[in-house]
């Protein structure tokens with residue numbers, strides 16, 4: 001039987017095979033048993049924060065989760081619609097024992113998900129997820145009478161988070177005109193309030209969630225509308241979030257996209273200049289652009305590479321005590337202020353660097369040359385043999401020798417389907433495409449099932 005928890009909680013079509021009200025209630029009861037144990041051992045009632053993004057299905061799923069927790073003796077504080085990183089922050093700020101976020105992040109509106117955070121607002125370790133999943137098949141012993149939990153509204157949840165974000169800024173944002181694309185998601189309302197209170201001139205798009213329009217041709221996965229708005233309004237910069245605002249990407253005043261690698265480069269240099277980049281080390285995944293590593297090396301900054309996925313970035317940061325990490329997709333973790341990726345925090349720190357230096361985002365991002373990157377997904381192949389095929393390995397070695405220091409090759413097996421991802425970076429697009437196509441064809445020839 002496949003594992004219920006994926007790389008980012010439990011996710012699927014709401015009211016489909018996985019994400020149902022019944023599962024939400026039972027999963028919450030199982031989580032209450034596992035994550036509330038320390039509180040019960042200390043002789044007190046566990047406390048949990050529950051929140052959601054604006055998807056229409058979030059209402060019944062959050063209600064089922066709250067019912068499952070309260071029926072298990074957990075006091076629930078319902079924060080309503082707030083970003084995922086706000087939930088993580090509030091768990092720590094409120095000293096809750098754990099929390100639950102109902103969201104499917106950048107997925108379309110019909111999907112939804114259930115994600116748990118441990119005490120301190122930290123993502124769950126695999127071991128805790130496995131214990132929760134195992135608990136689903138165990139008998140449920142529920143309290144009665146005065147021992148059941150209460151469900152209360154977390155009245156000042158949004159205000160606490162807004163004040164936290166404003167407190168992270170070193171400079172006001174006066175004089176900066178920013179277009180914010182809130183993806184009709186959890187950033188709506190909050191992000192414009194933060195940027196306005198910090199002094200920026202704000203134009204907003206994607207700020208009218210109706211429960212079904214989240215991520216619909218807006219947000220960090222659809223940047224065309226943001227680029228048009230930046231150019232049309234003559235703005236200095238644009239920032240786009242995904243549905244739960246745990247990531248952001250940007251657009252400079254020319255309409256050019258500034259991805260997560262470029263944002264990391266800008267913030268790493270800023271933090272290094274201020275003595276805040278621990279061990280002058282940036283944590284990034286193997287998918288980050290070669291240009292990021294080159295730019296950081298030129299500034300005496302080490303790039304520590306991890307597997308793909310923000311959870312692996314977080315693990316490396318926590319193990320090494322590092323202060324900044326992230327992904328090309330725009331998931332950035334600024335450890336001084338957050339325990340998980342926070343798009344609104346990342347965005348205002350980027351604006352803060354513009355304000356502090358008086359430089360445009362176009363100028364700041366120019367520290368890094370983005371190498372052309374070509375990715376080909378080769379399906380229907382035996383992913384287990386990718387590292388053992390001698391002819392394929394020889395072809396990769398020849399291509400790497402030709403690229404030298406001006407490119408790289410990455411072959412990565414999918415963890416969920418018979419597919420190999422072939423990624424090639426080179427100094428020019430044509431070279432990257434040529435090597436990627438040649439290697440993809442060889443993968444098909446050698447590893448076809």
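The first residue you see is number 1, and the count goes up from there.
Even glycines carry a Cβ here, placed using N, Cα and C.
For reference, Swiss-Prot has these:
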ACT_SITE  105  active site, phosphoserine intermediate
BINDING   105, 242, 244, 246  Mg(2+) binding site
MOD_RES   105  phosphoserine
Pairwise Cα distance for residue 244 (Mg(2+) binding site)/residue 105 (active site, phosphoserine intermediate) [Å, integer]: 5
Cα separation, residue 105 (active site, phosphoserine intermediate) to residue 242 (Mg(2+) binding site) (Å, whole number): 6
Conformational class of residue 244 (Mg(2+) binding site) under the three-state DSSP mapping: coil
Rounded distance in angstrom between the Cα atoms of the residue listed as 'active site, phosphoserine intermediate' and residue 246 (Mg(2+) binding site): 8
Cβ-centroid neighbourhood (8 Å) of the Mg(2+) site, 105, 242, 244, 246 excluded: 53, 83, 84, 103, 106, 185, 186, 241, 243, 245, 247, 341, 343
Close in space, distant in sequence - residue 246 (Mg(2+) binding site), Cβ under 8 Å, 6 or more apart: 83, 84, 85, 105, 331, 340, 341, 342, 343
